[in-house]
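Under the heading signal peptide, Swiss-Prot lists 1-22, citing sequence analysis as support. The disulfide bond annotation in Swiss-Prot covers C89-C100, C135-C143, C145-C162, C210-C224, C212-C219, C291-C316, C305-C311, C315-C355, C331-C346, C333-C343, C338-C339. Positions annotated as N-linked glycosylation site by Swiss-Prot, on the basis of sequence analysis: N99. The O-palmitoleoyl serine annotation in Swiss-Prot covers S216.
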Amino acid sequence: MRPPPALALAGLCLLALPAAAASYFGLTGREVLTPFPGLGTAAAPAQGGAHLKQCDLLKLSRRQKQLCRREPGLAETLRDAAHLGLLECQFQFRHERWNCSLEGRMGLLKRGFKETAFLYAVSSAALTHTLARACSAGRMERCTCDDSPGLESRQAWQWGVCGDNLKYSTKFLSNFLGSKRGNKDLRARADAHNTHVGIKAVKSGLRTTCKCHGVSGSCAVRTCWKQLSPFRETGQVLKLRYDSAVKVSSATNEALGRLELWAPARQGSLTKGLAPRSGDLVYMEDSPSFCRPSKYSPGTAGRVCSREASCSSLCCGRGYDTQSRLVAFSCHCQVQWCCYVECQQCVQEELVYTCKH
């Protein structure tokens, strides 16, 4: 059954980015982490030939590489975004059968699983977050602090701290993130939708922070700035979206003459189906179990688990081995006069549980 045209469009107007935008970068790119020899995360942005060389080292599309070469400081930001997305993905899925292992990632990207949806969302979210922070930190040449507070009673507020520039970040992403496909097939639209979910999750975490100034804390003047929430909070939001992801198919919007995402009604539901909401992660195929090694994951054999919380599910019914090990930790700590804490080293026995093969 075809949905009404207006219904099929619900929730698809997102952040004014192109409908076909998709995150072919980070965990959804050809290569996740490209090391820059001799460059630490706190290094100053490279200039000139060094910047161009760093752009060439990244596995980007031709258009993305051109944008990178025109933006001094962008190469380091892209690298940091890839790291951030990977670390957050692995943290959020550390107790799951699929733990965001790089092994099998390319196989996942060829399918429409829930895990694929999360990779697109966390990659676009990490890039949005990192780019906004890079602007406020002065690491990008073409952008600076957010300078459009949009608050009431501006006369009473003095903007003095450099805010995270989410406006520039989302505008830049509209050019940087592009689809390898057209927007005519279901997979392309699903990738675009999940990319937007990641961007929207970052945007929802933007907060206005103020500090009062004045005699006796009268707050006659306030210094305010816009600040993104920690990326861990964004990761938690996206993990919740993953847990409640919506399976979709396609339907033709007769008014616009194009395919739209469509979530069929669940069995026993009184509704005929709806378009997914703008914050829903969407997928097209049921995921494999991830229990055994496959082209999608290395399986769960040898994974450390919690006997009370995760061994039953993580080990897929194969059981688990128990090993004892000695762990050193600081104990009997005392504050010594003035300036330091003195501790003893203690050792305790710890049981470690690992999934059987």
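Yeah, the Cβs are placed from backbone N, Cα and C, and that goes for glycine too.
Cα-Cα distances to C224 (disulfide bond) place none of the recorded positions N99, C135, C305 within 10 Å. Neighbour counts of Cβ atoms within 10 Å were compared for the disulfide-bonded residues C224, C346, and the top value is held by C224.
Each residue contributes its Cα atom, and for C316 (disulfide bond) and C219 (disulfide bond) these two points are 58 Å apart.
Compared over the disulfide-bonded residues C145, C219, C311, C331, C355, the count of CB atoms lying within 10 A of a residue's CB peaks at C355.
For the pair C162 (disulfide bond) and N99 (N-linked glycosylation site), the Cα-Cα distance reads 36 Å. Across the structure, C89 (disulfide bond) and C331 (disulfide bond) are spaced 33 Å apart at their Cα atoms. In the three-state DSSP classification, C311 (disulfide bond) falls within a helix. According to its DSSP assignment, C89 (disulfide bond) is helical. In the three-state DSSP assignment, the secondary structure recorded for C212 (disulfide bond) is strand. Separation of the C-alpha atoms of C210 (disulfide bond) and C338 (disulfide bond): 34 Å, rounded to the nearest whole number. For the pair the residue listed as 'N-linked glycosylation site' and C291 (disulfide bond), the C-alpha distance works out to 11 angstrom. According to DSSP, C135 (disulfide bond) is assigned to a helical segment. Taking the C-alpha positions, the distance from C291 (disulfide bond) to C311 (disulfide bond) comes to 12 Å. Cα of C212 (disulfide bond) to Cα of C331 (disulfide bond): a distance of 41 Å. Per Cα geometry, C339 is the residue among the disulfide-bonded residues C311, C331, C333, C339 nearest to C135 (disulfide bond).
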